[in-house]
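Student: One structure is given below, represented as structure tokens, and several questions about it will come after.
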């Protein structure tokens with residue numbers, strides 16, 4: 001298998017990823033700003049399928065209408081010249097100080113109304129550029145102190161905002177769905193909708209739930225100490241995996257945004273295995289930050305590494321699934337039984353079945369080994385290149 005990516009692999013990058021200048025809370029930028037046109041051209045050369053953006057990534061905040069149109073025109077020309085697509089867009093509702101207390105859930109009503117108008121304006125651009133998914137990350141929606149935010153009212157306002165946005169895209173006839181991106185712990189101390197589970201529960205309360213799904217990110221779920229592939233599996237099970245952000249993370253700490261494959265490599269293997277086996281057809285979107293130690297050559301090497309690592313893990317996962325010893329180990333672990341209904345015969349027959357309870361040999365069942373260690377070691381062998 002070739003590890004050289006092509007557009008058919010559907011790899012995408014945000015302008016803000018390779019465009020991150022290395023500025024953090026403790027240090028200034030270490031790299032110059034990248035022109036979005038340059039980003040499109042370089043990513044196309046690397047084999048990417050598309051590029052995504054926040055409104056302020058493409059059009060500097062405060063630009064006049066004339067300046068805005070000029071930025072859009074140059075960007076569109078770069079897309080046309082390279083064949084790159086824009087499968088997703090989003091709104092920056094977190095950088096400007098006006099959003100210091102949030103956007104859709106800010107205590108100030110006028111800020112909430114401004115946030116909705118800012119979002120709607122960029123939705124129009126997203127639809128114009130062909131995006132099918134609109135991501136919403138509520139990074140400033142939350143609090144640091146208990147009395148500062150009535151969470152129930154804040155969730156009411158969050159619901160109101162998404163219902164209005166759903167009404168808007170429906171009224172405009174846009175073929176666009178929303179993907180809510182959960183994240184815990186930063187930048188607000190306590191953020192609303194911090195995990196996939198929170199977001200899935202919230203979506204069920206919306207007026208048009210079919211328009212809303214989730215955009216899980218590797219590092220975000222791991223920041224909460226959760227299993228990312230399990231979160232992805234539940235989103236798939238619910239029919240709500242509308243988009244996905246791939247990067248690397250090493251356990252419960254700040255949002256590292258390492259290149260994909262760095263950090264928890266075992267989790268990355270199972271995530272790729274799941275996406276490929278489940279038939280996920282959306283973009284494989286990399287939301288990472290090239291370390292501030294790197295110059296621009298290092299930025300592009302980091303982006304290329306994201307795609308290469310995905311393709312290597314895709315090959316490793318396929319070899320694992322095709323290995324006859326693995327298939328035997330899966331049977332020994334009785335995974336095939338998990339796929340069978342527990343009581344397809346119905347409640348009445350279950351209650352009448354003495355083998356299910358009265359005559360069930362608890363001790364014999366307890367003594368049965370599950371053979372999980374053999375199965376897991378085979379996975380490790382494939383991951384480490386010792387098999388296949």
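Each Cβ is built from the backbone N, Cα and C atoms, and glycine gets one as well.
Values in this document were obtained by computation on a predicted structure and should not be read as measured data.
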Student: Please state which member of 150, 245, 257 Swiss-Prot lists alongside 181, 217, 287 for binding Mg(2+) 1.
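Tutor: Within the candidate list, Swiss-Prot flags 245.
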Student: How big is the Cα-to-Cα gap, in Å, between residue 220 (Mg(2+) 2 binding site) and residue 181 (Mg(2+) 1 binding site)?
Tutor: 9
Student: If one measures from the C-alpha of residue 287 (Mg(2+) 1 binding site) to the C-alpha of residue 54 (active site), what distance in angstrom results, rounded to a whole number?
Tutor: 12
Student: Among the recorded positions listed here (57, 255, 257), which has the Cα closest to the Cα of residue 245 (Mg(2+) 1 binding site)?
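Tutor: Given the candidates 57, 255, 257, the nearest one is 257.
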Student: Quick one: among the recorded positions 54, 220, which has the most Cβ atoms sitting within 10 Å of its own Cβ?
Tutor: 220
Student: For 255, 257, listed as binding-site residues, tell me which one has the smallest number of other Cβ atoms within 10 Å.
Tutor: 255
Student: Given the Mg(2+) 2 site residues 217, 220, 255, 257, which other residues of that chain have a Cβ within 8 Å of the mean position of their Cβ atoms, reported in sequence order?
Tutor: 183, 218, 219, 223, 245, 247, 249, 256, 287
Student: Express the distance between the Cα positions of residue 54 (active site) and residue 257 (Mg(2+) 2 binding site) as a whole number of Å.
Tutor: 17
